[in-house]
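Per TrEMBL, signal peptide is recorded for 1-28. Marked as transmembrane segment by TrEMBL: 53-72, 79-101, 113-133, 145-168, 180-200, 235-257, 269-286, 298-319, 325-344, 399-418.
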Amino acid sequence: MEDPPPRCNVKRCLVILLLGNLLTPLDTQAPTPVLPVLLTEDLGLPVVSVGRLFALMTFGALISFAMLLLMAKKMTPRHILLIDFSIRFLSGCLYLAALAIPGGHAWTIPLLYTSRFMYGLSLNSFALPTSWIGVRMPVKERQGAVVATGALLGLGIAFGPVLGAALVSIMPTTWMGYQAMGYFTLLESAFLWILVFTRFDDDEVMPTAKQEEVTTTSEAIEEASKVKFIIRASIWASFFLTMGQVAGFEALFSLAILHSYGWREASALPPWITFGVVITSAFVLFKPLNDKFNKAKLAFGCSAGCALVLALVNFFNFSEPVPRWQVFLGLLGNGPALFLITLFQTTVSTRVPRDQQVWANSTLQFMGQLGRGIGPVVSTAWYQFFTNQFGRSGGMNAAGLNFAFFLILGLSFAFSRFTTYFGKFNAPSAQEEREGASKQMM
């Protein structure tokens with residue numbers, strides 16, 4: 001028996017969630033290229049303070065994602081989003097208070113850390129869309145919606161740092177560029193709050209996992225075992241890929257290009273723009289490549305493409321960075337890495353039963369954010385150790401090695417049972433499956 005359709009305007013609600021998935025990462029990532037410089041160069045704090053600041057925001061996000069499982073049982077998606085954007089607005093106020101006086105004041109560090117923590121508390125809007133898609137949309141439409149969600153999320157992640165670097169470079173003073181990001185947070189959160197309050201009409205509590213009738217056929221037991229493995233492998237990948245790529249590499253990249261090449265502010269824009277274009281291209285290409293090739297071929301090809309990150313490492317002399325052109329070549333490895341993250345997310349959305357979507361996606365996002373929290377701490381500690389041994393000019397080598405290590409670790413679980421997770425190399429592609437289904441219906 002099919003579940004009754006939701007009473008809300010699904011398309012309109014999806015558009016609002018997609019818009020939030022673009023604006024939120026733009027806002028979240030804008031400080032990425034400048035906060036490390038603000039803390040270490042302007043405020044004189046050690047490198048490890050960068051990891052602590054990023055970790056505090058992520059710790060707030062972890063609390064937020066853990067609470068989503070409880071909130072989803074009692075509250076509607078509309079109410080959850082309104083609470084999120086209210087907290088985010090307050091975090092923007094605290095951020096501006098921290099930077100109210102150029103050069104900082106006695107309360108700058110406590111207010112800055114508190115604002116980042118509160119911002120993390122507002123990031124339920126990252127976890128909610130994939131759960132919402134899993135319970136409100138038909139199975140055949142989920143993959144396209146999840147890909148769109150990931151594409152806009154990737155676009156925001158990619159160009160958020162570009163936005164931050166651009167704001168710092170165009171403002172009359174660097175400090176005003178730092179402050180501009182706080183004003184962007186206020187505008188973004190206020191706009192999304194008003195949009196949700198007036199147009200987002202999903203006032204039904206989402207279904208969560210419930211006890212189903214036990215099925216003991218061998219086929220059902222085998223399928224349940226596959227689903228468990230898919231969830232566990234996806235959680236593992238989410239944790240380590242986020243720890244190394246989304247969190248660790250981004251936390252180190254601005255420091256690495258500063259220490260290895262002296263790129264700061266305007267001179268740092270080209271590599272960050274390249275980073276943005278690469279990640280955006282990965283999401284734009286996901287659907288056509290996913291239609292043409294099956295998951296096994298995609299996973300294998302993307303894993304090979306990730307090897308490009310090794311171009312960031314000078315294996316002959318860790319004390320010296322690679323030539324500048326190799327930095328741009330190494331950045332291309334971010335595309336396949338983000339492609340793989342999207343592949344894991346779409347697999348969960350299409351293979352996991354509807355009533356398990358909320359907890360599966362929430363756990364997936366929770367572990368991703370846990371990796372996002374631990375990643376900067378581990379990565380900056382590694383960076384400081386590496387540069388103490390080989391000098392600051394070798395910072396890009398530390399960033400590249402860190403990225404490669406966590407990529408390998410993140411893929412290891414799913415690759416241990418490759419065909420169970422990704423299927424066989426001769427399996428039909430998504431387009432071939434749709435064509436086969438259409439022929440059967442005729």
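Positions of Cβ are set from backbone N, Cα and C atoms, glycine also.
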Intrachain residues whose Cβ lies under 8 Å of the transmembrane segment (269-286), provided they are six or more past its termini: 33, 147, 150-152, 154-155, 157-159, 161-162, 165-166, 169, 253, 257, 263, 327-328, 331-332, 334-336, 338-339, 342
Proximity verdict for the transmembrane segment (180-200) and the transmembrane segment (79-101), three or more C-beta pairs under 8 Å: yes
Candidates 53-72, 79-101, 298-319; stretch with most C-beta pairs under 8 Å toward the transmembrane segment (113-133): 53-72
Other parts of the chain folded back onto the transmembrane segment (53-72), taken as Cβ under 8 Å at six or more residues beyond its ends: 28, 35, 39, 80, 84, 112-113, 116-124, 126-128, 131, 205-206, 208, 247, 251, 358-359, 362, 365-366, 369-370, 372-377
